[in-house]
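What follows is a single structure, written as structure tokens, with notes after it.
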Amino acid sequence: MENLIPLFLFIPFLGLIISLFFPETQEKAISTTIHIAMGTYVLFTIAFVIAWLWKGADNLNIKEISVYRSGNYNFFIDFYFDKISAIYLLFSGFLSYLIAIYSSVYLHKEPGYKRFFTTFLLFFISVQIIVLAGNFETLFIGWEILGVSSFLLIAYYRHRYLPVRNGLKVFSIYRIADVGILITMWLSHHLWHENITFEQLNNSQLVSEHLVSHPWISIIISLAILLSASVKSAQFPFSSWLPRAMEGPTPSSAIFYGSIAAHIGVFLLLRTAAFWQQLVVIKLIVIALGIITAIVATISSRVQYSAKAQIAYSSVAQIGIIFVEVALGLENIALIHLVSNAFLRSYQLLISPSMVAYYIREQFYQFIPYKEKPKSGWLKKYEATLYLIGLNEWKLDQLLYKVFWNPVKRIGNPLTRFEPKPAVHVVLAMLPIPLFFLSFFIHLSETLHRLIPVVIAGVALFLVIRTFSERKNPLLAWVMLSFSHLWVLLAITFNDRFYIWDATLYLSGVIVSGIAGYIILYTLSKKETFDLNNFYGLALRQKNTAFWYLICSLGLMGFPVTTTFLGEDLLFTHIEENQFLLAALISFTFILTGISLMRIYARVFLGPTKGTETPMARRSS
């Protein structure tokens, strides 16, 4: 049966490829293709699970489909199927099939009909990769695709201000989760001295031995996993992104942010439970986090004036309880609770437009004024306090800005005064090259050997921070982001022996994407006027240009199908387990690079088009 596991990915991928051949106007052909693909997927999943149960329900694993080898490094694709995978595949497939049918009618005659279903299938494939992943590397492939497709779904109404703004906000928060996965993969290489598989994590004796011999590394890995899970499942203090994700079409809100995407964090905890559940302190943290989230989200959900926001916070509260169940070892109860919550929230989101319309009409005929019961003074103050706190969503959105983004902007704003001329661009590009070759011939003291890579990685991070705060010149921002990769590579070269072929692999994606993206922006600047201080919505007039720029951005940020992605994973194997500062600097460089690239894309190509009468709300809903 192991050989059939890739079909879970092949069926929706085939539907995606076939749908690309139909023009935008052939809605019937597009929707029929999606219906057949999703229907086939559901039937195959049901048949596979029944056969799997009939044969004893043993865990299945496809081992080591090697993608790239270099020395002791081996990047391989690993698929794993067990009870958790079966449940996730069944409920995600069934819900996606229902939403595909619903969406084909709901989005009829909408601009971007084909674009929605393309992104829909891309998102669905990413979820299947995560659920079937047999190691962290394979899981990270789906993790990255999930983040990009989420941004595109939320910003589906790309000519409107709020969907684009909130899509970028959700993508930025998602990138925080990427830090956790990067740190987990990096430290796992040093803890296990190999790319550990989830099947091996189920070996309690093996895990116990490593926990005893490396307690601090184990705790840091567990905290990194918890960080990623908390962000993806909108747990405290990251709860504010889920209501913002509801700016997309109702079908995407129902299927992804109401049921599937919001539960990916729970899946990550379940998949790695064999590791972190042996650490009592981590279990206590998960329980506390779940309880706090449940309380905070429940209060917020009861006072929100948007139906989608109420449902979103209700879902977050239930997921917090599921976190507690997972930490207590109640896996079966957690899975039942998860599936029930997913179906309920999908149903609520799908009927919410009809229910709102019904109650608006109903109040004209059977309106009964609310009669407030007399209450004591302290009780009224207590209720009013909770009401205001919940209405402001505990100011979690502002908290994230103050903790994560405002410090970056404060550092970057003084750097924006540095506006180099084209000649300086060339110097910045050429400077790492002689230093790269110099690293092979000079012998440094132990102190300098540790210090120089950190300094060079700091230069790379400052280039990205400079770009993050850029408001005028998209071309300059693009150049800075491209050069930051060269400085990251230089930092690793000074830190450890790095093979020329490995560097070529990494830079091949960076150079091709960097040059192509620069040409696109330069050519566009001759036709249009734009900067990074406003939204220009050029995708309306420059569809092909917007598409190819997005492809170049994905290549530069390390999208899974690019050599840049392989190179980034390879770089971390050359960082020692005690070099936390170097790993943190490079991680944040990669994370901020992705955010900056999507920000350039959003500012230039998305949002209200200048000179049109597109309605634009300036405040978030």
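Quick reminder: no glycine exception, Cβ is built from N, Cα and C everywhere.
What you see is a predicted model, and the numbers here were worked out from it, not measured in a lab.
Lifted from TrEMBL, the feature list:
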DOMAIN    70-117  domain 'NADH-Ubiquinone oxidoreductase (complex I) chain 5 N-terminal'
DOMAIN    134-355  domain 'NADH:quinone oxidoreductase/Mrp antiporter transmembrane'
TRANSMEM  6-22  transmembrane segment
TRANSMEM  34-54  transmembrane segment
TRANSMEM  116-134  transmembrane segment
TRANSMEM  170-192  transmembrane segment
TRANSMEM  254-274  transmembrane segment
TRANSMEM  280-299  transmembrane segment
TRANSMEM  311-330  transmembrane segment
TRANSMEM  423-444  transmembrane segment
TRANSMEM  450-468  transmembrane segment
TRANSMEM  475-494  transmembrane segment
TRANSMEM  506-525  transmembrane segment
TRANSMEM  546-567  transmembrane segment
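For the transmembrane segment (506-525), same-chain residues at least 6 beyond its ends with a Cβ under 8 Å from one of its own Cβ atoms are 474-475, 478-479, 481-482, 485-486, 489, 538, 542, 545, 548-549, 552-556, 558, 562-568, 570-571, 604.
Proximity of distant same-chain residues to the transmembrane segment (280-299), defined by a Cβ-Cβ separation under 8 Å and at least 6 residues beyond the stretch ends, is recorded for 219, 222-223, 226, 230, 235-236, 239, 269, 313-314, 316-324, 326-328, 386, 389-390, 394, 396. Helix first, then strand, then coil: DSSP counts for the domain 'NADH-Ubiquinone oxidoreductase (complex I) chain 5 N-terminal' (70-117) stand at 29 helix, 10 strand, 9 coil. For the transmembrane segment (34-54), the residues of the chain that approach it from at least six positions outside its boundaries are 1, 4, 7-8, 11-12, 14-16, 18-19, 60, 81, 86, 89-90, 93-94, 96-97, 100-101, 104, 117, 120-121, judged by C-beta separation under 8 angstroms. For the domain 'NADH-Ubiquinone oxidoreductase (complex I) chain 5 N-terminal' (70-117), the predicted model reports an average pLDDT of 86.
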